[in-house]
Amino acid sequence: MSPFLSLPLLLLSVLSASYSETVTSEDAQKTCPTVIACSSPGINGFPGKDGRDGTKGEKGEPGQGLRGLQGPPGKLGPPGNPGPSGSPGAKGQKGDPGASPDGDSSLAASERKALQTEMARIKKWVTFSLGKQVGKKLFLSNGETMTFDKVKALCAQFQASVATPMNQAENTVIQNLVKEEAFLGITDEETEGQFVDLTGRRLTYTNWNQGEPNNADSREDCVVLLRSGGWNDVPCSSSHLAICEFPV
């Protein structure tokens with residue numbers, strides 16, 4: 001081909017390319033911003049780290065689901081401290097007397113107690129040898145000799161008193177019961193020469209042996225019953241047979 005023929009073709013190609021670039025550049029300005037370069041989307045990156053927990057929200061309303069079954073009861077907790085005492089309540093009304101089909105219970109209890117006391121006294125009497133009874137008195141002796149104070153204590157232990165004859169019959173019973181001298185419940189310790197019983201009463205019956213009482217050596221303030229049945233004053237510190245009288 002002739003160089004002169006190819007030159008026009010070359011110019012035509014340059015013009016066509018220049019026109020095409022001009023048109024493309026104008027279209028690009030219509031679709032892409034002038035600052036940001038247009039390109040195809042990139043590949044998604046990895047997820048970022050979790051952010052910090054936000055503030056706790058308010059309690060929501062119960063859901064509309066079915067309520068679950070009640071759980072089993074828990075273990076008993078430790079007992080609490082005792083509470084303060086309450087104020088006294090109002091006084092109640094007086095109740096009706098209770099029924100007592102067997103009689104008055106208080107009377108029955110009193111009789112039972114009296115019977116028990118009497119049985120106890122009888123048991124104590126058994127500790128003595130068999131005694132003698134006259135009228136409403138029972139005279140008993142344990143056969144032991146001791147001072148007057150010990151005789152008083154012994155008789156008092158058995159709810160009795162030292163034997164004190166108030167008449168000839170009682171004096172004879174005591175005489176037949178003992179075979180040796182026995183203390184009687186008679187003294188003049190308070191007032192010399194004025195013999196009284198242990199309750200302080202003056203004697204209405206006496207059976208002094210001849211020449212008695214003589215208060216020998218000024219120390220004979222107690223009285224014994226002799227084997228003959230007569231009375232004699234002796235020192236209270238001397239030892240003689242113990243004999244007690246019990247009311248029956």
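The count begins at 1 with the first shown residue.
Using N, Cα and C of the backbone, Cβ positions are placed for all residues, glycine too.
The disulfide bond feature in Swiss-Prot is assigned to Cys155-Cys244 (among others). Secondary structure at Cys155 (disulfide bond), taken from DSSP and collapsed to helix, strand or coil, is helix.
In the three-state DSSP reading, Cys236 (disulfide bond) counts as coil. Contacts of Cys236 (disulfide bond) defined by a Cβ separation under 8 A and a same-chain sequence distance of 6+ are given as Thr147, Phe148, Asp149, Thr187, Glu189, Asp221, Cys222, in order along the sequence. Residues or ranges marked as disulfide bond in Swiss-Prot (evidence: sequence analysis): Cys222-Cys236 (among others).
Each residue of the domain 'Collagen-like' (42-99) gets a DSSP state, and the totals for helix, strand and coil are 0 helix, 0 strand, 58 coil. Annotation comment: Swiss-Prot describes 42-99 as domain 'Collagen-like'.
Model confidence over the domain 'C-type lectin' (134-245) is summarised by a mean pLDDT of 94. What Swiss-Prot records for 134-245 is domain 'C-type lectin', and it gives sequence analysis as the kind of evidence.
What Swiss-Prot records for Pro47 (among others) is 4-hydroxyproline, and it gives similarity to another entry as the kind of evidence. Neighbour density for Pro47 (4-hydroxyproline): within 10 A of its CB lie 6 other CB atoms from the protein chains shown.
Neighbours of Pro73 (4-hydroxyproline), defined as other CB atoms within 10 A of its CB across all chains, total 6. Look at Swiss-Prot and you will find Pro73 (among others) tagged as 4-hydroxyproline.
Cβ neighbours within 10 Å of Pro79 (4-hydroxyproline), excluding its own Cβ and spanning all shown chains: 6. Residues or ranges marked as 4-hydroxyproline by Swiss-Prot: Pro79 (among others).
In the shown protein chains, 6 other C-beta atoms lie within 10 A of the C-beta of Pro82 (4-hydroxyproline). What Swiss-Prot lists as 4-hydroxyproline is Pro82 (among others), and the listing cites similarity to another entry.
Taken from Swiss-Prot, the feature 4-hydroxyproline covers Pro88 (among others). Summarising the environment of Pro88 (4-hydroxyproline), the number of other Cβ atoms within 10 Å of its Cβ, over all protein chains shown, is 6.
The region 'Disordered' feature in Swiss-Prot is assigned to 36-112.
Pro82 (4-hydroxyproline) sits 17 Å from Pro88 (4-hydroxyproline), taking the Cα positions as reference. Looking at Pro79 (4-hydroxyproline) and Pro73 (4-hydroxyproline), their Cα atoms lie 17 Å from each other. Here Cys155 (disulfide bond) comes close to Ser161, Val162, Ala242, Cys244, Glu245: these same-chain residues lie at least six apart in sequence, with C-beta atoms under 8 angstroms from its C-beta.
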